[in-house]
Amino acid sequence: MELQAQLKQYKPLNQQQMNEFIELLIADDISNEIKANLLSSFSEKEITQEELTYISKSLIHSMYRQQPYYPNSMCVCGTGGDKSNSFNISTTVSFVIASANIPVIKHGNKSVTSSSGSTDLLEAMGINTSSVEATPSQLNQVGLAFLSATDTYPIMKSIQPIRKMMTNPTIFNITGPIINPFKLDYQVMGVYETSKLEKIAQTLKDLGRKKAIVVYGANGMDEATLSGDNMIYEVNENEATKNYTVNPKDVGLAYAPNEALIGGTPLENLEITKNILTGVDRSAKRDVVVFNAGIALYVAEKVSSIKQGVIEAQRLIDNGNAIAQYNKMGGMTYDYIG
């Protein structure tokens, strides 16, 4: 297979070849073993920034001739694959920032490398994922929609068994958060590899984000963490890329090890999320949520700095707005009791 030979030689693919690569992965007449070899070969090579844009566009265009758009919409997500076994930080963050009247369209999946992905947590909460068609109406009603990648992109469902066969993260850990079905204005995305920071930031800009931050969490997490300096690449549609670091002390939070953020099963993570949103949990788990929510509020232009965003995120939890947002979603309901 010519394409596989090119991948084995670590040669970059152009847009046409990337389209062919995606077509091979979804073809019914090709075995999972061959697909796994293709995916492994692609994931072993160092992807270029252009290739990342190409594959993202290939995936989007395989499903949508024109992406749907909802004004000022945002997604907060990580690539996964960091093997930290943390609780569902970005899903918890989504409730907080949606309570600030930011239309949140979170594009998630079942976990591949941990015990609970965002879709697993939603099932435990009794919250249904939305369809692309129903999302605008849901945003108008409750300001937050969760989309399952395996529903919005059939390729994600078809390659799920292949990804399960593989021991290491694949390119789809990276592209999954990038290819939100909606053409977003804002995005915060976490990665577990520093080599991907600038490439992903530029790709998000290529895909039309007005403002976005890509963050590498201290000590290898795919969220901003409390254990040290977090590396950030920030892109704006009309400005040059900025890169800098931010640590908990910079935004008024205490240091804590990444081990303090460990979660568990979907039901255990539900309890963690509930305790944060109701104000019961005042531990490092709450702090990491307000840290990441603060970054998101800054990206969505609700505040002028990450530190102000952290203060606002704390207020949204402490005044009961965050748990009220959760209760709007139609799952189990709780009161603020902090």
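Note that Cβ sites are derived from N, Cα and C of the backbone, with glycine treated the same way.
Sequence annotations record features per position, and here Swiss-Prot assigns anthranilate 1 binding site to GLY78, ASN109 based on sequence analysis. The 5-phospho-alpha-D-ribose 1-diphosphate binding site feature in Swiss-Prot is assigned to GLY78, 81-82, SER86, 88-91, 106-114, SER118; the stated evidence is sequence analysis. Per Swiss-Prot, Mg(2+) 1 binding site is recorded for SER90, GLU223, and the stated evidence type is sequence analysis. Residues or ranges marked as anthranilate 2 binding site in Swiss-Prot (evidence: sequence analysis): ARG163. The Mg(2+) 2 binding site annotation in Swiss-Prot covers ASP222, GLU223.
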How would DSSP class GLY78 (anthranilate 1 binding site) in three states?
strand
Identify which of the binding-site residues ASP222, GLU223 has its Cβ surrounded by the largest number of other Cβ atoms within 10 Å, counting every protein chain shown.
GLU223
Between the Cα atoms of SER86 (5-phospho-alpha-D-ribose 1-diphosphate binding site) and ASP222 (Mg(2+) 2 binding site), what distance do you get, rounded to the nearest Å?
10
Distance between GLU223 (Mg(2+) 1 binding site) and HIS107 (5-phospho-alpha-D-ribose 1-diphosphate binding site) at the Cα atoms, whole Å?
16
What does the structure give for the C-alpha distance between ARG163 (anthranilate 2 binding site) and SER90 (5-phospho-alpha-D-ribose 1-diphosphate binding site)? Integer Å is fine.
22
Specify the count of other C-beta atoms within 10 Å of the C-beta of SER86 (5-phospho-alpha-D-ribose 1-diphosphate binding site).
26
Which chain-mates of SER90 (5-phospho-alpha-D-ribose 1-diphosphate binding site) that are at least 6 residues away have a CB under 8 A from its CB, listed by sequence?
VAL76, CYS77, GLY78, LYS106, SER118, GLY190, GLU223, ASN292
List, in sequence order, the same-chain residues at least six positions removed whose CB sits under 8 Å from that of HIS107 (5-phospho-alpha-D-ribose 1-diphosphate binding site)?
CYS75, CYS77, LEU147, ALA149, THR152, GLY176, PRO177, ILE179, ASN180, PRO181
Please state whether DSSP places SER86 (5-phospho-alpha-D-ribose 1-diphosphate binding site) in a helix, a strand or coil.
strand
